[in-house]
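Per Swiss-Prot, the features are as follows:
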REGION    1-64  region 'Domain I'
REGION    65-142  region 'Domain II'
REGION    143-154  region 'Flexible linker'
REGION    155-203  region 'Domain III'
Amino acid sequence: MIGRLRGIILEKQPPIVLLETGGVGYEVHMPMTCFYELPEAGQEAIVFTHFVVREDAQLLYGFNNKQERTLFKELIKTNGVGPKLALAILSGMSAQQFVNAVEREELGALVKLPGIGKKTAERLIVEMKDRFKGLHGDLFTPAVDLVLTSPASPTSEDAEQEAVAALVALGYKPQEASRMVNKIARPDASSETLIRDALRAAL
């Protein structure tokens, strides 16, 4: 199936990027930690992908490197963790931060992620810690960033609304998302900056 895409970014609507390759536009759902690294619209980028088929939809998830994709695949194998929750986890933490939290059994850090309760956090620690033993090379080798241009930091009048919408898409309730963005909002910040700062503040 589709494992890698190289193309031109047509649109960026966190957490979805529209990537055109071969005359076809692919909607790719990305963790915000990966989304931050994307160049601006009109530039070329490469993403590693994982294709998920559901009864009501076919969704493509994208990552900047194979390590992030490997972790995503392992997350969705965990009981009670679907693609949407896995995306939220990797939006709140980088792949390495998540690995460290599991290895150190930092339950408090995990339950701060959207959709993660104590039982799910405990399950993640037990199941993922065991899997990491067999995935050490895949997760801990230096990641190679395949974004071809430096990221841009555009500003927008709708930055706060976009940030709230992205947080809701990641699993936060609308009121909670608005509160998170209002807490860190500033006039010169792009939506990506607001999302990143809101997620950091939540942790």
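Cβ coordinates are placed from backbone N, Cα and C, and glycine is handled just like the others.
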Check the region 'Domain I' (1-64) for me and report the mean pLDDT. 94
What are the helix, strand and coil residue counts for the region 'Domain I' (1-64) according to DSSP? 4 helix, 38 strand, 22 coil
The correct DSSP tally for the region 'Domain II' (65-142) reads 56 helix, 0 strand, 22 coil
Helix, strand and coil counts within the region 'Domain III' (155-203) (DSSP): 34 helix, 0 strand, 15 coil
